[in-house]
Amino acid sequence: MSHINHLLNSDEAIPSTALRSCAQRSPMSSDDELVGTAGYRENQPVPGSTLPTSPSDVSTDTENDEHQRLLCQWDACGSEFSQPELLYHHLCQDHVGRKSQRNLQLNCHWGSCTTKTVKRDHITSHLRVHVPLKPFSCSTCSRKFKRPQDLKKHLKVHMEDTMKERSRAAPGSRGVRKTGVNKGSALQEKARTLPNLTVESFVSQEMQNYYPYYKSRQHLDETLSHIILPPPAALGGTLASEPPSYTRKAVSFFTTLSQDMSRRLPSLAPCNSPGPAGKMVMLPRPEQQYARVPRYPAMPELPPLVTSPGAESHALPRGHNFRPAPLIPGSMLPSLSRFSHDKSQFVARNSYSLNQKASLNEELCENELDIALENLALDDTDALRAELQTVNIIKDYLTCLLLEDVYTESFELPASVEKSHSTLRKYPQIKV
């Protein structure tokens, strides 16, 4: 029996061929199911990538693993993208092409797929089988839409709100801190003198000078506060006339920047925030907490001192003989006038030694510094949230601008359908 237990508990006793046969008969695991038609797997290294050699590389790779990487499998293209929308736009523009450009491809070459179509909108609709596209969601309020045109119209609300909030703030107030702790006069002067930038000018002129990280050496956080959102009444601009790859790089830049800014936000909620059940968690006050703990240990009560012999027999326990205290006449007690000239010795004074004064000053300085740092952290968090909202609006706006033409062609109805739809009536006509 012990020999059987030894065989069951040891891995070396099971031959490798048996392990391989069990692995072949086992059903598909959840990790294998993650390999979809887009050709990617979570936590799988990209072919040709190198292992990190420093702690900074390890943290960067860990952050990148949080977001899935998409590989283009059209004729072994191998291009890598961070968003399904970017991969879908790459397929429609670079591989499917257009008839006007004489590079229209109506047959699917994704992996082993051999689907054939007769129109461009048919092949673009078929590509959604291979690309894990999701409904277009607003990064600010998480509302979802079927088409980028609908999301683009919805973004007008957030653009107007952001412009109103910026107009209420005083000019130059974003570069000034509320507390005495600041970043330096040179950085504040630079923040005040930075010119306002439009989205088109930032993408065409300034974007190549920055890395998509919030706290970089180029002070991208100060430049973001001076970007002017496009007017809600005229969504479009000069980016529509730029090459598709140009806008695609801008979408990838703001997507990576939004992910980096979201990671920098504090993930811990305040102490008095509602818990998962929706109840308010209140911490006890210090005086209430320490009031429950007795200051001195409990002592048994002593019997009262009495002088009458009748009361003594009832109050005092048996077997104990206590003698009453002798009475002292009042004439023998000293008068209080003798201590009148020494009254100043018993009055509390606010006089401290040099060491006590130094320790008090250090405690006051530490408290003021802690309060200033807390206010500075709150100001930085508020500024980060406001700038993250601006970055998300720009990201969604550029994504809608990128895929607007593709979805317009896919959702267009034939002329015969539109003509027949115009003749339909809401209620049937009744003939008498």
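Any Cβ shown, glycine's included, is placed from N, Cα and C.
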Which stretch does Swiss-Prot mark as motif 'YPX[LI] motif 1', out of 280-283, 296-299, 376-379, 400-403?
296-299
Pick from 21-43, 136-158, 159-181: which stretch is listed in Swiss-Prot under zinc finger?
136-158
Using Swiss-Prot as the reference, determine which range in 131-134, 351-354, 395-398, 427-430 is annotated motif 'YPX[LI] motif 2'.
427-430
What are the helix, strand and coil residue counts for the zinc finger (136-158) according to DSSP?
11 helix, 4 strand, 8 coil
Near the zinc finger (70-95), which same-chain residues lie under 8 Å Cβ to Cβ, leaving out any that are not at least 6 residues past its ends?
38-40, 46, 105, 109-111, 124, 127-128, 130-134, 244, 248, 251-252, 255-256, 399, 402-403, 406
